[in-house]
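As structure tokens, the structure follows; a few thoughts come after it.
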Amino acid sequence: MKQTIVRSVNELPTYGFGSRTGPWWGAMAFIALEGMGFAVAIAAYLYLYAVNPKWPINSPPPDLWPGTLATAVYVLSVIPNELTSRWAHKLDLRGVRIGLVIMSLIGLALLVIRGFEFAHLNARWDLDAYGSVVWFVLALHTTHLATDVGDTLVLTVLMFTRHAKPRRFSDVTDNVFYWNFVVIAWLPLYVLLDWTPRL
Amino acid sequence: MSDIAREPARDLRDNKLEQSELAALLLEIWRTPSGWLGSLTSVDHKVVGKRYILTAFAFLVLGGLLAVLMRLQLAGAERKLLSPDLYNQVFTMHGSTMMFLFAVPVMEAFAVYFVPLMVGTRNIAFPRLNAFSYWTFLFGGCFLWIAFLFNVGPDVGWFAYVPLSSLQYNPGKRADVWAQMITFTEVAALAVAVEIVVTVFKQRAVGMTLDRIPVFVWAMLVTSFLVLFAMPSIVVASTSLILDRLVNTHFYDTASGGNVLLWQHLFWFFGHPEVYIIFIPGTGMVSMIIATFAGRPVVGYVIIVLSLIATGFLSFGLWVHHMFTTGLPQLGASMFTASSMLIAVPSGLQIFCWLATLWDGRPVYRTPLLFVLGFFAIFVLGGLSGVMVASVPIDMQVHDTYFVVAHFHYVLIGGAVFPLVGAVYYWFPKITGRMLSERLGRWNFWLAFISFNVAFFPMHILGLMGMPRRVYTYTPEMGWDHLNLLSSAGGAAFAASFALLIANVVLSLRSGALAGDNPWGASTLEWATSSPPPPYNFSRIPVVTHRDPLWAGGGNLPVVAGLSVERREVLLSSIADAEPHTREASPEPSIWPLLTAIATTIFFVGSIFTPWSVVWGTPPIAIALIGWFWPTGSKEDEE
Ligand code: HEM
């Protein structure tokens, strides 16, 4: 077809932050579908809870300390996470590097705590339906956590190489954004796993 | 020739370039690398979309062959073609192949090909994820079929109810194969859904405001949201099933506090929206075809779009209607009956809009439109039997009979396959540059339409006569043989109509009339570029000022200038009013999506045999993903 140029986009930037980028919307979509995954898992838990007269079925509830400790770390992690985001928006490479290293260490620490959470569930997955569903929920969140920690580690390394271009700062803010979701997704799971069996 | 073009300046733009020069430069950066290795790295949505479409149709043929086998078996009483065990595998394979490897993927495949063209961008969002999605789908489908060839095909029905599918009643690997095939296809579908959402939200051409989005794109957007919110449920279901079978969990084991109805809830929470995931894209195709062949914009655009959205929401309120016979609380059953009937409203509204469009336009009865008219007839009948089974007392009677088999084939084939074949006739010229034969097309249509009804209408009666579904044979005393024979004859003729379609495709590829850019005089952007479109889709990104841009412009396309011709770049714009704000890099070809899909396949298939695959299967995936995302120093990466 014959074309007529009616407009120029010469001056537009080649990267942006937040909702002005494709990857941010991609992260949103993944948050939606993973959030739905958690919602379904919670629903399955509650369904089994509702159909069983005794809950937990054959075991004591999980020990409280690992989940509670983890929850504290999640909540506090929001602070360095937010700082990392600010540094990234300012294209402050040094700050971003520090922030990412801290976030990587927090992520690894949470994975270690996660090991204790599993060990203190007080029910094996093959004990009964209760054991199955708590392992399932916790494993689902572990996959989610491990993926994000892996992503953070790679990004951290990347920011120490020559590839640390302006566009990568936008990736850092997406990583920050996603971490907030990891934290928010955990809170209802904490209540579900550690407190529902005590009702 | 401009001087800028010759200078190796870092940032060459398209502003001052002549068409031919611009096209050559764009081709150089956007083309898929040559050679077979190069073709494996392709991230072009059209290349991937074409592969997706072809693969989905290959699965249609395979699923269709199984259908023919079943009809041969059932053509008379006590025939011995298929053993009972093989029959169980065959109907399960047929249903699973049709639903998971054909109907859903083929719709997504059309979206992968056409949504970027219709919204006027150069590639889909996350093109590497798109390539990964295709490979995952392909490997998942092959996995199911290879298992079937080794007599490990699933035999538990396409919804694999527990306890039939639990280890106790299904030792061996058949149900595991089913569960993992689900995981494969859901991963693939979720990936495409994410891409479509982001493409539609962020990559629309300048000025394509929300009320100028083509109806098919709306339909795919709604479908993608259904996928995002429905599929996680089936992933939870299939994973928990395989865990029960593999590592001894007790989700569905009543003796240890599990519950079998949990499966039905999880399955149908996905399964009902699934029907709309298949049907909504079909209605999107119908709207596009009707507007073009009526020669006027579709009547009630806003009503149609709102109906699509309403259908999407309502489809989540319906799942329990598949479970009426499980003994639900009275009030619950009434509510779900009401919502089952309610969902007929938006579909009805759409039908009125289409009829009004045809009424008010000057319809040209070419093959695509014929298939749409066939869709009307069949779908309305399917809707009628649907309203019947939505009522609990009737459902109690006909549940698990051939009445239901008739109903869902009317809905699925009427609602999705007829529009789809119409869409093939409609868009084939764009994809290949050649027209399909109109004469063969008419034969194709009439054969399909008549034989479809011959094949499936008698099943209603058989169902009312009490013939249950999923039986490998029946005795002569039942008096079911005449109708079954009729149905089988119809089924064979219906299969032949697809042979005709394939013949038409093959012949037309070689000697069909050349199509030109816009053979139907249609109004949407995919027709503004050449047929087949070049790798970069549009040499300049269109500016949209009207809902039907090609009818408004008078042969002239307003465009923007200022994009790079040195690296792959797409234009991002704001969600509501499509104001451009960023020139974002678009990824180049890469082999890593394929390698990631291979690693994923090893992980999924391995997990059927040992839980340890989770341990040794993860590192390869992680490595492949790092390879995928690590910058290569290309112009796309370094900005
Ligand atoms: C040549 C065309 C087709 C014929 C002759 C055919 C025939 C049949 C028959 C006879 C059954 C019932 C098997 C039984 O209950 O024993 C069946 C089941 C089914 N068909 Fe088709 N079919 C065709 C096309 C399709 C298409 C295009 C779809 C989907 C888009 C589809 C989806 C299904 C599903 C989901 C089932 C249920 C399987 C189960 O019970 O697990 N069919 N088909």
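Cβ coordinates are placed from backbone N, Cα and C, and glycine is handled just like the others.
For reference, TrEMBL has these:
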type     : residues  : note
DOMAIN   : B:30-545  : domain 'Cytochrome oxidase subunit I profile'
TRANSMEM : B:52-74   : transmembrane segment
TRANSMEM : B:94-119  : transmembrane segment
TRANSMEM : B:131-150 : transmembrane segment
TRANSMEM : B:213-243 : transmembrane segment
TRANSMEM : B:275-294 : transmembrane segment
TRANSMEM : B:301-321 : transmembrane segment
TRANSMEM : B:333-357 : transmembrane segment
TRANSMEM : B:369-394 : transmembrane segment
TRANSMEM : B:406-428 : transmembrane segment
TRANSMEM : B:440-465 : transmembrane segment
TRANSMEM : B:485-507 : transmembrane segment
TRANSMEM : B:615-633 : transmembrane segment
Using a Cβ-Cβ cut-off of under 8 Å, list the residues of the same chain that are 6+ residues beyond the ends of the transmembrane segment (B:440-465) and lie near it. 71, 366-367, 370-371, 374, 377-378, 385, 398, 401-407, 409-410, 413-414, 418, 421, 425, 478-480, 483-484, 486-494, 496-498, 500-501, 503-504, 507
How about the transmembrane segment (B:52-74) with the transmembrane segment (B:369-394) - do they touch, taking at least 3 C-beta pairs under 8 Å (6 or more apart in sequence) as contact? no
May I ask whether the transmembrane segment (B:406-428) has at least three C-beta pairs under 8 Å with the transmembrane segment (B:213-243), counting pairs 6 or more apart in sequence? no
For the transmembrane segment (B:406-428), what are the same-chain contacts with Cβ under 8 Å, counting residues 6+ beyond its ends? 98, 103, 106-107, 110, 113-114, 275, 278-279, 281-283, 285-286, 288-289, 292, 366-372, 374-375, 377-379, 381-383, 385-386, 388-389, 434-436, 441, 444, 448, 452, 456-457, 459-460, 462-463, 501, 505, 508, 520, 526
Who are the long-range neighbours of the transmembrane segment (B:615-633) in its own chain, taking Cβ under 8 Å and residues 6 or more past its ends? 128, 588, 590, 592-593, 595-596, 598-600, 602-603, 606-607
Looking at the domain 'Cytochrome oxidase subunit I profile' (B:30-545) alone, can you tell me the average pLDDT? 93
